[in-house]
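Participant: If you scroll down you'll find the structure; I have some questions about it.
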Amino acid sequence: MMNGFGIKNNGEFYSVSLQFGAHKLCGSGRFSNVYCGQMISPIEKEVAVKNVWSDTETRHLATSEYPEIQILSKLFHPAISNLLYFYSRNANDKVINCLVLDYLPQDLARLRDQGVKFDVLDAKLYTFQLFCAISHLTSKNIVHMDIKPQNVVMDRMAGRLKLADFGNARRLETNEKTGSAYQVTRFYRPPELLFGCEKFTASIDIWSATCVAFELFANRVLFKGKDTKDQIVLITGVFGYPTDDDIKSIGVKRPRVARKDARGIETFTSKMLDSEIYDFMKATLKIDPKKRKSAIDVLKMPLFDILRSSPPKKRSNGVEMPNLASYTEMHHKREPETEVVADIQTTEKAEKESDSTNEELED
C-alpha cells in the first residue's frame with residue numbers, strides 16, 4: 001500500500017491508498033520511464049505508471065503542483081490517456097512523481113516499425129479519435145505540443161486510440177512562449193515553430209496530428225527532414241514559400257531557403273490516397289496556423305461520414321467499432337469518487353509482490 005491522490009470530477013484532489021501488483025518496464029526516456037501492470041486497489045485495472053524525475057524547475061513543487069498533473073487533472077476523455085491517481089516517492093535524493101494512467105497495449109510508432117498496415121476504415125476511425133482528443137484539449141485551452149506516433153497508444157483489436165504523454169503540454173490562457181522551437185518532434189513540427197515562432201496555439205496540434213494521420217493511411221512518415229532546415233525545405237517544397245501575409249501572421253523573419261513553386265500534397269505523396277483524405281490534409285496543413293481547420297470542424301468533414309453511418313460499418317477483424325457518440329461530447333465524468341478507501345488485508349504473497357514492484361519502480 002502507498003498513499004496517493006485521486007481526482008474528483010471538479011478537478012480537486014482527495015487522499016487514497018494505492019496498491020499495485022507486478023509491473024514491467026514498458027518504455028524509458030531521459031527524464032521518465034513507464035511501467036505497465038495491474039492496479040489492485042482502489043480499483044482493479046491494467047494501468048501505466050509514469051515515473052518522472054523532478055528537474056531544477058519543478059523540484060520545489062508539491063506533487064499536486066507538478067505541471068503535467070495540473071494539466072491532466074483538467075482533462076477526462078475516452079481518447080486521452082487519463083490521469084487516474086498520482087503519488088510521489090524519493091530515490092537517490094530525488095523526488096519522483098508517479099502518474100497512474102489509462103493503459104492501452106500498443107503505440108503507433110511500434111506498429112508502424114513492425115510493418116503493420118491499417119485499412120482505410122480503421123485509419124479513419126483512429127484519426128477521428130485523435131481529433132476528438134484535440135477538440136477536448138482545445139475546449140480546456142490546452143495544447144499537447146508533442147503529438148507523434150510514440151504518444152498515440154492503441155488497442156488494435158478493439159479499435160481504440162488514446163493520446164498520451166502530456167509532459168510538454170501547455171495552457172493557452174497563460175500567453176506563455178514555447179521557450180524553444182524544439183517543443184515538437186521534428187517530423188511533426190509545424191512550420192511556425194520551424195521558422196522560429198515562440199508563441200503557441202491549438203493549431204500546432206492540428207499540424208502534428210495530420211502528419212500522424214497520414215502515417216495511419218500511408219504507413220510512412222510524411223515529412224522526414226534530416227534537420228530543421230531540411231524539414232523547412234520539404235514543407236515549403238510542397239506548399240510553396242510563405243507569402244508576405246503568412247510571415248506577418250506568424251510574426252517571424254523569412255526562412256532562408258530557396259523559393260520554389262509548390263508541388264502540392266498530392267504530387268508529393270504520389271497521389272496514393274483518396275480525394276477526401278487529401279481534402280482533409282489540405283484543410284489542416286496550412287503554412288499560416290490561423291488558416292488551419294479546427295479540430296471540431298475537422299470532425300464534421302466528409303472523411304468521417306462512414307463512421308456516422310447506420311448501422312455501423314463492420315471492421316475487417318469483425319470487432320464492432322467503439323461507440324463514438326460520447327467522443328464528441330466536451331464533458332465527461334470520472335469513475336464514481338471514493339474518498340475513503342478501506343484498508344485491504346493482503347496476503348503474504350501480495351505483500352511480496354508489492355515489495356517487488358516497489359523495488360522495480362525504484363530502479
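Note: Cβ is positioned from N, Cα and C throughout, glycine not excepted.
Got these off Swiss-Prot a minute ago, pasting:
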type: ACT_SITE; residues: Asp146; note: active site, proton acceptor
type: BINDING; residues: Cys26, Gly27, Ser28, Gly29, Arg30, Phe31, Ser32, Asn33, Val34, Lys50; note: ATP binding site
type: COMPBIAS; residues: 346-355; note: compositional bias 'Basic and acidic residues'
type: DOMAIN; residues: 20-304; note: domain 'Protein kinase'
type: REGION; residues: 311-363; note: region 'Disordered'
Participant: Where does Asp146 (active site, proton acceptor) sit in DSSP terms: helix, strand, or coil?
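Facilitator: DSSP call for Asp146 (active site, proton acceptor): coil, neither helix nor strand.
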Participant: Can you see whether DSSP assigns Ser28 (ATP binding site) to helix, strand or coil?
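Facilitator: DSSP assigns Ser28 (ATP binding site) to strand.
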Participant: Near the Cβ of Ser32 (ATP binding site), how many other Cβ atoms are there if near means within 10 Å?
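Facilitator: Neighbour count, Cβ to Cβ under the 10 Å cut-off: 18.
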Participant: Can you tell me how spread out the ATP site is, meaning the largest CA to CA distance among Cys26, Gly27, Ser28, Gly29, Arg30, Phe31, Ser32, Asn33, Val34, Lys50, in Å?
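Facilitator: Roughly 15 Å, rounded to the nearest whole number.
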Participant: Between Ser28 (ATP binding site) and the residue listed as 'active site, proton acceptor', find the distance joining the two CA atoms and give it rounded to the nearest Å.
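Facilitator: Checking the Cα atoms of Ser28 (ATP binding site) and the residue listed as 'active site, proton acceptor' gives a distance of 16 Å.
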Participant: Can you tell me the three-state DSSP label for Val34 (ATP binding site)?
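Facilitator: In the DSSP reduction, Val34 (ATP binding site) maps to strand.
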Participant: What is the separation, in Å, between the Cα atoms of Val34 (ATP binding site) and Asp146 (active site, proton acceptor)?
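Facilitator: Distance between the two Cα atoms comes out at 17 Å.
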Participant: Between Cys26, Ser28, which of the binding-site residues has the fewest other CB atoms within 10 angstroms in the structure shown?
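Facilitator: With the binding-site residues Cys26, Ser28, fewest surrounding Cβ atoms within 10 Å: Ser28.
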Participant: Just how many other Cβ atoms lie inside 10 Å of the Cβ on Asp146 (active site, proton acceptor)?
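Facilitator: Around the Cβ of Asp146 (active site, proton acceptor), 20 other Cβ atoms lie within 10 Å.
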Participant: Quick one: average pLDDT across the domain 'Protein kinase' (20-304), no decimals.
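Facilitator: For the domain 'Protein kinase' (20-304), the model's average pLDDT rounds to 93.
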